[in-house]
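Listed in TrEMBL for this protein:
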| type | residues | note |
| --- | --- | --- |
| DOMAIN | 15-73 | domain 'TRAM' |
| BINDING | Cys86, Cys92, Cys95, Cys169 | [4Fe-4S] cluster binding site |
| BINDING | Gln273, Phe302, Asn307, Glu323, Asp350, Asp370 | S-adenosyl-L-methionine binding site |
| ACT_SITE | Cys396 | active site |
| ACT_SITE | Cys396 | active site, nucleophile |
Amino acid sequence: MRRRTSPRRTATSKPQSIGPIQTFEVDGLTHEAKGVARFQGKVTFIEGALPGETVEAQVNKAGRNFDEAVLVNIIEPSVYRVEPSCQQFNVCGGCSFQHLADEQQLNAKADWLQGQLRNLITTQELEQLSDKPMGYRRRARIAIELKKGRMALGFRGKASKEIISIDQCVVLAPNLQSIFLSLKLALLENDLAGVLGHVELLEDTKGVSVLFRLTSSISDELKNAWEDWAEKEQVALYWQAPKAGKAEVAPEKMRYYDLVDLRLKYHPQDFIQVNATMNQKMVAQAMSWLSPSKQDVVLDLFCGVGNFSLPLAQHAQSVIGVEVQETMVEAARENARVNGLDNLSFVAADLTKPVNNELFKQTITKVLLDPPRAGAFEFLDSIIKIGPTQILYVSCNASTLARDAEYLVAKGYRVLRVSLMDMFPQTSHVETMMLLQKKK
Ligand SMILES: C[S@@+](CC[C@H](N)C(=O)[O-])C[C@H]1O[C@@H](n2cnc3c(N)ncnc32)[C@H](O)[C@@H]1O
Ligand code: SF4
């Protein structure tokens with residue numbers, strides 16, 4: 001439980017203001033964590049202000065329909081305001097909600113999600129799935145910049161593209177937090193920083209790894225110095241050569257993570273869900289909601305390396321996974337083989353384009369889809385043609401989920417269950433699971 005705060009001056013940096021300091025009563029919150037107030041009838045968004053607060057702010061962007069203001073002082077704080085755990089919270093763009101108590105963050109996300117899905121869930125209760133609020137990220141891309149001889153290693157800022165230099169990131173898994181510190185010190189001591197595009201930190205069942213994205217070649221001597229550092233820190237090191245699409249990785253250096261009794265191999269730059277414990281819970285919930293049985297042939301769209309396909313195959317008659325990246329399809333096939341599952345097949349296909357293959361020849365009873373932010377609109381007519389009895393939609397973008405689900409509902413499906421999954425606490429991102437059933 002984090003400490004509640006009392007009235008105080010905020011640590012917000014000095015605003016580039018155009019208006020005088022005014023007093024606002026805040027009565028709403030956007031999903032990007034901006035307080036919503038009205039001044040003489042006009043909506044004003046105030047970054048850092050919370051509902052129920054009386055604040056002083058200065059309008060720094062005046063628009064026709066709304067203004068934006070910079071928080072100057074909190075006169076009456078919300079009872080849900082807490083001290084941010086991260087010292088960089090006011091400037092780093094990585095988190096939006098650290099000033100709001102964890103349970104209230106979830107309520108705010110639920111309200112927002114309910115609004116996005118207002119045409120779909122009037123009576124259904126929005127279910128919730130959550131886990132630890134801090135130390136959950138098993139993957140992070142760290143930006144790097146050298147300016148006038150000074151190194152900034154961190155994330156993009158809240159209000160600018162500037163890289164905010166950080167020493168500690170409390171949403172990272174603890175092992176990644178400690179390797180981050182060691183990495184920062186080591187980068188200050190030699191010449192690698194000048195030829196880095198970015199650094200990727202990753203933790204999985206195999207351990208911790210660091211991937212360097214190079215912008216130009218480096219000497220063997222420098223490379224060896226870093227290999228020594230990696231050995232001392234007991235991390236695996238990967239090098240992505242300049243202009244290379246992906247790092248070259250020997251089979252024995254592939255990564256893996258465990259999912260209950262399954263082991264899934266992947267390339268260090270392949271997609272994996274960033275929150276390991278929430279992923280376990282999400283997959284378990286998907287199995288419980290979709291409830292695959294030996295009568296079911298399940299289609300797993302946007303399947304990655306088989307995160308849902310393999311657990312589905314443990315219960316279903318068979319599973320067909322579809323994924324655009326050939327290398328991930330190969331990894332998924334290998335994962336099925338190594339885990340002793342012979343009722344899976346995988347197809348490499350771009351689901352935004354017409355898919356002309358065996359998919360439509362089989363009787364598919366259930367479909368699971370987990371698309372990127374853009375959603376799956378182009379493939380919806382194909383799903384309708386396949387005609388599964390149930391569709392389980394996992395989404396990281398509620399607005400494309402709403403669009404796609406409204407289309408499915410118009411074409412003969414109804415929403416059975418919806419769950420907000422707090423995959424990314426402290427940030428404004430929301431993961432959602434929706435189960436749809438074909439109307440009789
Ligand atoms: C949100 S991830 C989900 C992956 C997997 N279901 C999991 O849980 O790890 C979306 C996946 O869709 C794949 N993808 C992106 N665009 C695609 C497309 N046009 N057609 C097929 N797959 C695509 C990505 O490579 C990625 O593996
Ligand atoms: S992403 Fe990390 S450094 Fe940035 S605000 Fe969140 S916890 Fe702090």
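All positions are counted from 1 along the displayed chain.
In case you wondered, yes, glycine gets a Cβ from its N, Cα and C as well.
Looking only at Cα atoms, Cys95 ([4Fe-4S] cluster binding site) sits nearest to Cys396 among the recorded positions Phe302, Asn307, Asp350, Asp370, Cys396. Listed binding-site residues: Cys95, Cys169, Phe302, Asn307, Asp350, Asp370. Those with a CB atom under 6 Å from ligand 1: Phe302, Asn307, Asp350, Asp370. Around the Cβ of Asp350 (S-adenosyl-L-methionine binding site), a 10 Å sphere holds 13 further Cβ atoms from the protein chains shown. Among the binding-site residues Cys92, Gln273, Phe302, Asp370, the ones whose Cα sits within 10 Å of the Cα of Cys396 (active site) are Asp370. Under 6 Å, Cβ to nearest atom of ligand 2: this is the test, and of the binding-site residues Cys86, Cys92, Cys169, Gln273, Glu323, Asp350 it is passed by Cys86, Cys92, Cys169. Counted over every protein chain shown, other Cβ atoms within 10 Å are most numerous around Cys169 among the binding-site residues Cys86, Cys169. Gln273 (S-adenosyl-L-methionine binding site) and Cys169 ([4Fe-4S] cluster binding site) are 19 Å apart (CA-CA, integer value).
Counting other C-beta atoms within 10 Å of each candidate's C-beta, the recorded positions Cys92, Cys95, Cys396 are led by Cys95. Look at Glu323 (S-adenosyl-L-methionine binding site): DSSP puts it in a strand.
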